[in-house]
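According to TrEMBL, the protein carries these features:
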type     : residues : note
DOMAIN   : 1-474    : domain 'Amino acid permease/ SLC12A'
TRANSMEM : 12-35    : transmembrane segment
TRANSMEM : 56-77    : transmembrane segment
TRANSMEM : 110-131  : transmembrane segment
TRANSMEM : 136-155  : transmembrane segment
TRANSMEM : 203-223  : transmembrane segment
TRANSMEM : 244-267  : transmembrane segment
TRANSMEM : 287-312  : transmembrane segment
TRANSMEM : 333-350  : transmembrane segment
TRANSMEM : 356-380  : transmembrane segment
TRANSMEM : 392-412  : transmembrane segment
DOMAIN   : 485-573  : domain 'SLC12A transporter C-terminal'
Amino acid sequence: GFVVGHAGLYQALAMFAVAYFIIGMTVLSVCAIATNGALDAGGAYYMISRALGPEFGGSIGIMFFLANVCGSALYLLGLVEAVVDSFGIPPGQEAGTGVHILPQSYWYELLYGTVLLALCLLVCLVGASIYAKATFLIFLIVAAVLGTILVSFFATRPLKVPIHLPHFNGTETDNGFFTGFSLNTLRDNLGGGYGVDYTTGQMMSFSSVFAVMFNGCTGIMAGSNMSGDLKRPSYSIPRGTISAVLFTYLVYNLLAFLMCATCNRILLQKDYGFLRDISIFPPLVTVGIYAATLSAAMSNLIGASRILYALARDDLFGRALALAKKTSASGNPVMAVIISWLVVQVVLFSGKLNTIASVVTTFFLLVYATVNLACLALEWASAPNFRPTFRYFTWHTCLLGIAGCCVMMFLISPVSASASLGFLLLLLLALHYLSPSSTWGYISQALIFHQVRKYLLMLDVRKDHVKFWRPQMLLMVQNPRGSARLIDFVNDLKKSGLYVLGHVELQDLDMLPSDPLQPQQDSWLSLVDKLNVKAFVSLTLAPSVRHGVRQLLFTSGLGGMRPNTLVLGFYDDEAPQDGLARHPAFTSAREEVPLGFPPLRAPTTPKLLSAREYVGIVADALKMLRNVLLARQLESLDKAWELRRAASPPPTIHVWPVNLLRPDSARYADTCSLFLLQMACVLNMARAWRRASLRLFLCVEAGTMPHAQEEKLRQLLKDLRIQAQIQLVPWDAITRLHWQTCRGPPGGPAEEEEEEEGVVNFPTNTTQVSDEYVCAANKLVLEQSPAPAVRFLYLPRPPADTSLYPLYLHQLELLTRGLGPTVLVHGVSAVTSTQL
C-alpha cells in the first residue's frame, strides 16, 4: 500500500520489474555458484570468499552481516509499527480504551522492539530445526492471510475508513475510501502522487519509496544463508530461491493491481494498515503482518549469526571474532547468535523504519553485486573445474546484475552508496595486508593466467622493433647466499623486462627416485619475495653447468618473452661471501635466511665448472645471439650507501665503450659499444640510480684530433638522448706497449681480417696482448677518479681456438683486478634508436 499510494501503479510495477530484474540476475549467479561444489555455513559469504579470495570474502562478509543485522532491526521496527497501530493509545489520549492499551513514545516502542527481538533470540538459540519449523508455520499463516485478502478485495462492499494522524496541533482526521473495483479509482492511481510519509514526516520520492520496497525483496539470500544447515544445499538453494522469487513477484504485482483498482490514494498514503479495515476477517490480517515481519526478522538474525560464525571460523579477523566460534553441543553457533542479537539491539535505537531502509538496501545491493562479480569472475576465468549443474546463466546475466545493483545503489542514496563503497575499500585493504594467506584458491590468479595467455599469444616476435627493445635477463645463480647483491643489481638493470633467476643442479634424473627440484622451488620463490625483486625462477637438472645453461637459454620464457641477455658472475679464485645474511631484507626484519639453500663452498673445495667450461658458456650464448654480461665483485657494491652518501660529489657510473684488449680496432659506434652505453643508461634510469651521473671515457692518441672525436661522440650521445659527461683519456703509453708485441704496424693484414664486426674474431690477437699491456690498461681505468659506484667495460668475444680460453679468462681477470664492482658487457643485437 505504501508503494502504490506514493508511486502509482505504473511506477510501482516498474519498481517491481527493476528490483526483480536485479534479483533475478543475482539468483542465477547464486544458483550457479551453489551447484558448483559442496557449500558450507555462511551462504553468500562462503560463495564469495571461496570464489574471490579472503579479501573480498571477508569485507563483503562483514557488510552482509551488517545488512542482515540492519534488516532484522528494520523488520522488527515494522512489526512494532504494526503493533502500535493495532494496540497503541491514539495520540492526544491519556488512557486507552478497548484494545488500545499500549503507550506510544520512542522509549516504549524501543521496549516493544526489544521484547520481540528477545523472542527471535530464543528461537535462534534453540537451533535451526526449531527455526525451520517456526518459519514453515509462519508460511502457512501468511498464505492463509493472503488468501483471505484476495477474497476480501472481491467480497467487501465499498466503505469509508476514518484516519487519525498525529499533527502538531493535535490529531489530523481524514477519510479514506475503499471503492470496490472502480475504473475511476484505477485511473486516479495509475500515475505517481508522492506525498509526506506520516511516520517520518519526510517527503517521499521514487528513490526513497524504492529503498523501502526493495527490503521486501531481499529475502532471496535467506535460503543460501542457511547453507550449512541444509541437507542438500546444492539441490535446495536453486529450487527454493527461484520458486520463491517467482511466487513473490506474482503476488506483489497482483496486490498492486487490486489495491489501485479498489482503494483511493488517501487511504493508501495515510493508513499503511488499511488491509485490516477492508478484510473479511481483520484479526487474521494483523496476525499475518506480525507473522511475516517476525519471520523476516528471525531470518535475518539467524542469517547474520551464520555469516558471523563462518567469518570467525575462517580466522580472517583473528582474535576479534574468536568468541563467535563457540557452538552448542548440537553445533548451533550460540555465541554468534548472541553477538548478532546485541548488534541488532543497538540498531533498534535508530527508532524509525524508513530511516535505516536506504542503508540496508545499499548494503544488500552491494552484496548482490559482489555475488554477480564472483560468478562473472569464475565464468571469465574459464577454469575447467567451474562446472555448475545449473546452466541457465551467462556472463551477460552477471554483468547486467552488477550494473543494475550499482545503478540502483546510487539512485537510492548516493551518500549511502559512496560510504558503503569506501567502507568496503577500507576492509579490502585491511584484509589484504593483515589477514593470513588462505588455501581456498584465488580467482585473481585464474583470471591473470587467462589474460596473460591471451596477451602472450598476441605478442608476436616478428613485430619486434628496436625502438621498443628492453633487456630480458637470465641471471645464473649457483648459490643465492653468495649472490644477493648481484640479484638486486640485475633487478635494476632489467627496465621492466623479463627477469629469470636460473640455477643448474648437477644430478642425473635416471639415478633419482623423484625430481629433486620441486622441494627447492618454494625456497627460491620465498627468496624472490624477500629480496623484493620482480623475477621468475627457472631450475634445471643437467650433467654439467654448461649443458644446464644451454637448456635454460633454449627453454626459459614463453612466446615473445624470452631472455635476450645472459648474466654470469665472474670466474675467479675469491672465496664466496654470504651476502644473504647481511642483506637488509633479512637484517632489518630480523628474519632467518631461507634454510633451503646449502652453505657456501669452502675456499678449498673444487669448483663445479672449469675455466674452459665457463668461457664456453659465454661462447655458447653469443652463438645463440644472446648478449652477455659478466659481473665481478658486485657483492661488494653497497647500493644503499653509494646512493645515499653526501650529494657532493654524487655517485658516478664509469663507462668504457672501447675494447681495451684490442686497441688496434678501438671504435665507439659498433654494436657492442652501443649496447654497453644502453645498459649503463638503463641502470641510470632506475629509480634507485637516478642520482648517479654517467661518465664516458674517450681514449685518444696524439695526432688523432681528439676534439673532433669528442664532438662526434657528443653528437652520438645527443642523438641517443643519453645524458653523460665525456672525459678524454690519453693512452699513448699503453698502446705503445701493445705495438711492441705486435707483428705489424697499424692497418696491416691482421687488423683488416678482424675489422668486420660480428664474426668469430681475433684467433691470434689474444696471444699478442701481453700481461704487461693488460695491467697497464687496468691501471689506466683504476686511476680515473673519483672512484665510481660501478664500472661498465667492453667484453671482447672469446677466441675461436678453445685452447686459448684459459688465457682469455686470465686477461679478463687482469683487466678487472681491483676495480671494485665491474660489469663486462658484450652485445650482439642493435638496441638503440634515433627514430621517433
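Just so it is clear, glycine is given a Cβ too, placed from its N, Cα and C backbone atoms.
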TODO: Taking the transmembrane segment (356-380) as the first stretch and the transmembrane segment (110-131) as the second, find out whether 3 or more Cβ pairs fall under 8 Å, excluding pairs closer than 6 in sequence.
DONE: no
- [ ] Check the transmembrane segment (333-350) against each of 12-35, 56-77, 136-155, 203-223 and return whichever range has the most CB pairs under 8 Å.
- [x] 56-77
TODO: Any chance you could find the range in 12-35, 203-223, 392-412 with the most Cβ pairs under 8 Å to the transmembrane segment (244-267)?
DONE: 12-35
Open item on the list: Can you work out the mean pLDDT of the predicted model over the domain 'Amino acid permease/ SLC12A' (1-474)?
Closed with: 82
